Structures are given as structure tokens and as C-alpha cells.
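Participant: When I checked Swiss-Prot for this same protein, it listed these features:
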type	residues	note
ACT_SITE	Asp96	active site, proton donor/acceptor
ACT_SITE	Lys157	active site, schiff-base intermediate with acetaldehyde
ACT_SITE	Lys185	active site, proton donor/acceptor
Amino acid sequence: MVAPSAEIDLAPYIDHTLLDPLATPAAIAQLCEEADRYHFATVCLAPIYVRQAVELLYRRTPRVCTVIGFPTGAHTSAVKLYEAQEAADHGATELDVVVNLGWLKAGQTEAVHQEMAEIVAATGVTVKAILETTVLSETEKRLAAEICLDAGVSFLKTSTGWRGGATVADVKLLAQVARDRIGVKASGGIRTAAQALELIHAGATRLGTSRGVDLIRNRDTLEGETNY
């Protein structure tokens with residue numbers, strides 16, 4: 001049974017997210033202000049806005065997170081590595097990296113492992129592996145999670161939100177693989193505080209949502225959420 005929402009402070013779990021390609025610098029400034037006001041874990045935004053966010057959140061609690069190889073994961077390893085290193089050089093301390101799903105489905109597990117391990121080693125920051133669980137079989141989900149865990153990532157993340165969102169079942173599976181050694185991030189379609197709490201009780205240690213402020217303010221059903 002999910003505990004009453006008053007028992008858990010949702011704010012420290014939230015990656016306050018704005019990955020809309022139409023996002024403007026003004027919208028990013030608002031995102032950062034909200035994250036600081038509500039003490040969210042991070043702001044999660046496109047690489048182009050990392051420097052702006054780092055400046056705005058200097059000496060503030062929220063960290064700066066960006067996405068790598070987003071949303072398809074189908075960039076070359078060299079491009080992903082460059083993107084990750086540049087983001088870290090610009091001050092991002094968390095990177096959400098999309099796994100190469102084509103390689104995974106083709107059984108090219110060494111390539112998946114090497115790509116993720118190189119990013120972890122080269123940047124030295126928190127790396128979250130986005131597995132896109134909504135398009136994977138049960139076996140593929142577990143395999144992807146184990147590969148990324150072995151590659152040294154700090155979190156297993158369910159999804160980009162572009163192909164569906166987090167489910168309780170997927171969070172439980174990732175938590176089983178993680179076994180408290182690394183974190184689990186649930187992302188995509190998180191609309192209510194009750195849903196957020198259910199995911200936390202399933203094992204999520206971080207929540208990616210574009211509706212963090214509404215979750216904190218309203219704690220009831222939200223309409224019209226974007227899924228990323």
C-alpha cells in the first residue's frame with residue numbers, strides 16, 4: 001500500500017525537466033528558479049543550456065543534468081563521448097545517456113558496454129543509463145541493466161519519455177538488478193503525487209518529470225503533461 005503523500009518529501013527525488021526543443025533561455029531561467037525554490041535534485045535540460053544553468057545555480061542546491069544521445073541513442077560513440085565530455089566541461093554533474101538500442105537488440109553487448117564505460121571513465125560525473133524499457137523485452141531489460149551496471153553507471157533510468165513512460169513493473173525490475181548498489185530513475189508520464197509515491201515504493205530513487213512544481217503544489221491528478 002502506498003504511504004500517504006505527507007510522509008515523503010517528493011522534492012529531493014525530482015529531476016526538474018525541460019527537454020522541449022522549443023525551450024528558450026527564459027524558460028530555462030524559470031526552470032532553474034523553480035528548482036532552487038523547491039529544492040529539487042537537479043534541472044534536466046538540453047546540452048545547449050548547461051552553461052546557463054550552471055551560472056544560474058551557482059552555489060545553489062540543485063545540480064545540473066543534461067541528456068546525451070537523446071532521444072534515440074543512435075549517435076556514434078565518438079559523438080556521444082564528445083557530447084558527454086563537453087557537457088561535463090561546461091559544468092554538468094549528471095548525464096542521462098541513451099543506450100544504443102539497435103546494438104542491444106542485435107546482441108552487440110560488448111559495444112553497448114564499451115560505449116557506456118568510456119563515457120563513465122572520461123567524464124567522472126554521475127551517469128544515468130537510459131534503457132528505454134518500453135521497447136525492450138523482459139530479457140532485454142535485465143540484460144541492458146546488467147551491462148550498464150557493469151560499465152559503472154550511477155543510475156538505471158527507465159525511459160526518455162518519447163516512447164512511453166515509467167511503469168511500476170519496470171522500476172521493480174531495475175531495482176532488483178541494482179540491489180541498492182546504484183540508483184533507479186523513473187521517467188516519463190509521472191502525473192500525480194500518488195503515482196510518484198508508487199514508483200518510489202517500487203524502488204525509484206529519482207523521478208524525471210516536467211511537472212515537478214505541480215506535483216509539489218497540487219498533489220492531485222494533472223492534465224496535459226508532456227512525457228519528457
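The backbone N, Cα and C atoms fix where each Cβ goes, glycine too.
Given the structure is predicted, the values throughout are model-derived calculations rather than measurements.
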Participant: Quick one: Cα separation, Lys185 (active site, proton donor/acceptor) versus the residue listed as 'active site, schiff-base intermediate with acetaldehyde', in Å?
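Facilitator: Just about 4 Å between their Cα atoms.
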Participant: Using a Cβ-Cβ cut-off under 8 angstroms and a sequence gap of six or more, which residues of the chain neighbour Asp96 (active site, proton donor/acceptor)?
Facilitator: Cys44, Cys65, Thr66, Val67, Ile68, Phe70, Lys128, Ile130, Lys157, Lys185, Gly208
